[in-house]
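Asker: What TrEMBL records for B:LEU20, B:ASN27, B:LYS156 is xanthine binding site. For B:35-158, the entry in TrEMBL reads domain 'Phosphoribosyltransferase'. The feature 5-phospho-alpha-D-ribose 1-diphosphate binding site is assigned by TrEMBL to B:ALA128, B:VAL129, B:GLY130, B:GLU131, B:ALA132.
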2 protein chains.
Amino acid sequence: MNLLKDKIISEGIVLSDTVLKVDSFLNHQMDPQLMKAMGEEFAHRFAEDKITKVLTIESSGIAPALMAALTLNVPLVFARKQKSLTLREDLIVERVHSFTKQVTNDVTVSRKYLSPNDTVLIIDDFLAVGEAAQGLARITEQVGAKVAGIGIVIEKSFQTGRQTLIEAGYRVESLARIASLHDGSVQFIEE
Amino acid sequence: MNLLKDKIISEGIVLSDTVLKVDSFLNHQMDPQLMKAMGEEFAHRFAEDKITKVLTIESSGIAPALMAALTLNVPLVFARKQKSLTLREDLIVERVHSFTKQVTNDVTVSRKYLSPNDTVLIIDDFLAVGEAAQGLARITEQVGAKVAGIGIVIEKSFQTGRQTLIEAGYRVESLARIASLHDGSVQFIEE
């Protein structure tokens, strides 16, 4: 998606060979027009998949997922992150380790908002090793719902996440695929 | 806003005389069409105020704030909540206690995304005692920017937040004002 790639080139900050900071338009400040365009692009790519629900994880996933849900005209559910949780019957809980932040969270969704009849589009801001997306997929499957696919804003294609998700049988649609962050410069995979 | 009030009546769960749970359309599952309508209503109410930025706090504030920012065609900044923080020069930090969740967080915004030239619309999901809104207002004023007003999705008018904010000189625009949650039933302030 060229609009997003242009934004990454002009405003992204390469902090290391593995970390790209996009606080100016995605993770702290947000560009609403870009969010809308990204949501529409996700909706377009999954237009034939009879999506009934979009699932994401707080906080940076909410904006692109909301715009996708708006375009698809289905509800959005955002999973909560909690440090650790007392077990509650009404919650589905998966433990997820964040590669980027080096923290482990319990990711939770209420059983009320996913049903076996749902076809779910999972959306997240970044894909690195794929832990968050896998956690959301496991949550979806625990209730017997179907994962239609995983929509990612920025994929770090030099990490293992995409491969892991594809080997697990998931369709992955990323709006920007980054081949490398070497030498402070962003190289995309051209598609 | 009648669309919101209808949703509160049909789906809100009164947990106590002070706590209203709206997980089905605002705090866990979200209704994107309702979020869009609420964002447009905020934008309409502040249409003459030359807003340059919308400021909210993760996570439930993001969706209505994003829709307001989209309609006003300005960037959205969402403040981060952190348990406690090592001081960093580039961050503005305010300590905020949540009445509803009974936790204290450091609320942070990067200095990069607010400037003295900004006119800021603050948006949050709930107003109880007003701690979060005041924290966001202090952050805005610390950089020398102007607070145009505070937009709230659900105001608990039986708590002190609105009065506190108005006495501090802020304009408060709430989409639903709840007079009482007594006896498990929601009573609105009619306007």
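Counting begins at 1 with the first residue displayed.
Cβ from N, Cα, C; glycine included.
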Asker: Neighbour count first, Cβ atoms within 10 Å, every protein chain included; then name which of B:LEU20, B:VAL129, B:ALA132 tops the list of binding-site residues.
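Answerer: Highest number of other Cβ atoms within 10 Å: B:ALA132.
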Asker: Work through the binding-site residues one by one (B:ALA128, B:VAL129, B:ALA132) and name whichever has its CA nearest to the CA of B:LYS156 (xanthine binding site).
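Answerer: Closest by Cα distance to B:LYS156 (xanthine binding site) among the binding-site residues B:ALA128, B:VAL129, B:ALA132: B:ALA128.
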Asker: Treating G and I as helix alongside H, and B as strand alongside E, what does DSSP give for the domain 'Phosphoribosyltransferase' (B:35-158) in helix, strand and coil?
Answerer: 37 helix, 48 strand, 39 coil
Asker: Over the domain 'Phosphoribosyltransferase' (B:35-158), what does the predicted model average in pLDDT?
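Answerer: Within the domain 'Phosphoribosyltransferase' (B:35-158), the model's average pLDDT equals 94.
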Asker: What three-state secondary structure does DSSP assign to B:LEU20 (xanthine binding site)?
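Answerer: Looking at the DSSP assignment, B:LEU20 (xanthine binding site) belongs to a strand.
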Asker: Distance between B:VAL129 (5-phospho-alpha-D-ribose 1-diphosphate binding site) and B:LEU20 (xanthine binding site) at the Cα atoms, whole Å?
Answerer: 15
Asker: In DSSP terms, helix, strand or coil for B:ASN27 (xanthine binding site)?
Answerer: helix
Asker: If you measure B:ASN27 (xanthine binding site) to B:GLY130 (5-phospho-alpha-D-ribose 1-diphosphate binding site) at Cα, how many Å is it?
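Answerer: Cα to Cα, B:ASN27 (xanthine binding site) and B:GLY130 (5-phospho-alpha-D-ribose 1-diphosphate binding site) are separated by 18 Å.
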Asker: In whole Å, how far does the CA atom of B:LEU20 (xanthine binding site) lie from that of B:ALA128 (5-phospho-alpha-D-ribose 1-diphosphate binding site)?
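Answerer: Given the Cα positions, B:LEU20 (xanthine binding site) is 11 Å from B:ALA128 (5-phospho-alpha-D-ribose 1-diphosphate binding site).
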Asker: Which residues, in sequence order, are found in the same chain with Cβ within 8 Å of the centroid defined by the Cβ atoms of B:ALA128, B:VAL129, B:GLY130, B:GLU131, B:ALA132 at the 5-phospho-alpha-D-ribose 1-diphosphate site, excluding those residues themselves?
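Answerer: Residues close to the 5-phospho-alpha-D-ribose 1-diphosphate site, other than B:ALA128, B:VAL129, B:GLY130, B:GLU131, B:ALA132: B:VAL96, B:HIS97, B:SER98, B:PHE99, B:LEU127, B:ALA133, B:GLN134, B:GLN159, B:GLY161, B:THR164.
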Asker: In the structure shown, which of the binding-site residues B:ASN27, B:ALA128, B:GLY130, B:GLU131, B:LYS156 has the fewest Cβ neighbours within 10 Å?
Answerer: B:ASN27
